[in-house]
Amino acid sequence: MAVRSTFRATLVRAIRLARIVIAGPGAWQGLALYALVLGLSFVGVWVSVRLIAWNKAFYDALEQMDAAAALTQIGVFFALVALSAGCWLTGDWFRKKLLILWRARLTARALDLWIGNRAYWLMRPGFGTTPVENPDQRVAEDCRLFIDRFIEFTLDLVSEVVSLVSYVAVLWSVATFALGFTLFGLGIEIPRYMVWLAPVYVVVATAITHLLGRPLKRQYFDREKVEADFRHALVQLRDRADTVAQSGGEGAERRRLDDRFAAVALNWRRVMRAELILGLFSRPYFQTVLRMPTFFALPAYFAGALTLGGLMQLASAFSSVTTTLSWFIFEYRKLAEFVAVCERLDGLFAAAQAPAPLPAAPRAIQREVSDDGALRLDGLRLATPAGNWLDPVPHRVIRPGKVFLITGASGRGKTTLLAAIAGLWPWGHGRIERPAGRFLFLPAGAPVLGDGLVTAACHPDDPDRHDPARVFAVLTRLGLAPRLTAPQGEAALAGLSMGERQRLGLARAVLNRPDWLLMDEATSALDPAAEADLLAWLRTELPDTTLIIVAHRTPLGVSADDVLRIGPAEPERKSA
Ligand SMILES: Nc1ncnc2c1ncn2[C@@H]1O[C@H](COP(=O)(O)OP(=O)(O)OP(=O)(O)O)[C@@H](O)[C@H]1O
């Protein structure tokens, strides 16, 4: 029952995933390549069938001491091998082309859902109902593995069925003799016993393989997870290199990495054990499967029903049938991996299709497009994902082109309000009317996005859309020009101070020219003179942009047209 439901679930998942790559515009190209590869594998099957007949011709020539006939057969052999190799190499070439074509389609779909639906934001642990572990690995690794195995298995399956029919036909015509024996005084005769023996042999072996190999699927599933967790911890160490080094956190990092690696080692030991148990049966099976037919046919050979050539031909046909039928046994490990990959990847696609935020807090924020260009916050109260209410947000209408300050004590919900205005924060109730137009958000902590100074300064715009002279002028005005002479790429961003990162944020604002600029403590690290100078410059560069500023005080260089305070007023400091 469990076997059937795993099989059915994997089939449904594999079909769902396969439809993504097989259907859609330009699908004919992939299908044409697939048909070509399939056709070439049929030629390969024909060569194998032809080689079975060749066995008889060659060994009979040897038995009859016919040198000329043997020589001819050697020529035939090389011709068949050349044809087989040619087909294999061509097939392999086009299979690889197909692999990258379909992988690109599947990866593009995964990225569309992951990025396009903002699933990457909502499916983080603590945010969504279905947090997805290691999505990066699923997009990068699992897409490749799925396509690789899908092509391999479906091609195998079709060509194995064709091979099976061809080989059974040969076996039927060769193994004409019966097996006779007495059981409890009864004379029993099994006609063409070698034909029946092949499937019985394989069915028994398959059942044993599945019984012994069942735990492997779980272990392979876990392996991907623990390996990805370990890799992720290493990437985090690289990203937080400064913080770890400055806070002497090497010991803590080492413990974290050791813990993650211990999980890798534990899983490895479990995989080893499961593979050993499977190997105890499958290894001897691999080695005997080609020899057994000769032993099974010996009674007929000694009874004189077969020539040596006939025996060889029979052995060849029988082992071809058993090898074809044993596909499940030979591929068991890969099949177990495939089941795990389908489960992981389908889970990612399903969750990313409709990422659902945690249901702990109400999601009753009404969002509308304002028709007079103003931003309205009406009866708004936000909550954390766990359902804790934050302070109510006072009613406000923010007119375009104004400077608007949001203030309040720490932890009251200022950043959360910006996220709600940006359309991200789903928890809470009330109403947000947002005008059309471009919004740009400069988050707290001034994170830098992009893999070079120019990309980071233009983000999220494409840097190719910007005049390099203008980008250079903006960066120079912000005092970042010296960084342009450093080697570009990630190295150009290394070690940027907080103030420099905030200046880079201002470059983004000036180059992107948004209608609405949301600044979360975006100038807090600048010295008063630089803050006053740069914000005054920003205002002259973007005179019509509405500035929504989150800060504990109005930044120097601009004056606020309105102030929105969340929560009670901060207590005034008494002067000494
Ligand atoms: N993802 C989250 N999960 C749980 N709680 C959250 C989450 N995001 C924010 N909060 C909580 O919501 C509250 C408001 O956070 P927010 O960052 O908006 O505060 P803030 O007013 O901007 O604070 P600060 O001035 O210190 O930056 C805080 O108590 C915070 O811990």
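Cβ coordinates are placed from backbone N, Cα and C, and glycine is handled just like the others.
What TrEMBL records for 35-337 is domain 'ABC transmembrane type-1'.
The annotation domain 'ABC transporter' is assigned in TrEMBL to 375-576. Confidence annotation: the domain 'ABC transporter' (375-576) carries a mean pLDDT of 87 in the model.
For the transmembrane segment (20-47), same-chain residues at least 6 beyond its ends with a Cβ under 8 Å from one of its own Cβ atoms are 80, 83-84, 87-88, 90-91, 94-95, 97-98, 101-102, 105-106, 109, 147, 151, 155, 158-159, 162-163, 166, 349. What TrEMBL lists as transmembrane segment is 20-47 (among others).
Residues or ranges marked as transmembrane segment by TrEMBL: 67-89 (among others).
Summarising the annotation, TrEMBL assigns transmembrane segment to 164-187 (among others).
Per TrEMBL, the feature transmembrane segment maps to 193-213 (among others). Within the same chain, residues 3, 168, 171-172, 175, 177-179, 274, 277-278, 280-282, 285, 292-293, 296-297, 300, 314, 318, 321-322, 325-326, 328-329, 332-333, 336 sit at least 6 positions outside the transmembrane segment (193-213) and bring their C-beta atoms closer than 8 Å to a C-beta of that stretch.
Sequence-distant contacts of the transmembrane segment (295-315) (same chain, at least 6 residues past either end, Cβ-Cβ under 8 Å): 52-53, 55-63, 170-171, 174-175, 177, 179, 194, 197. Positions annotated as transmembrane segment by TrEMBL: 295-315 (among others).
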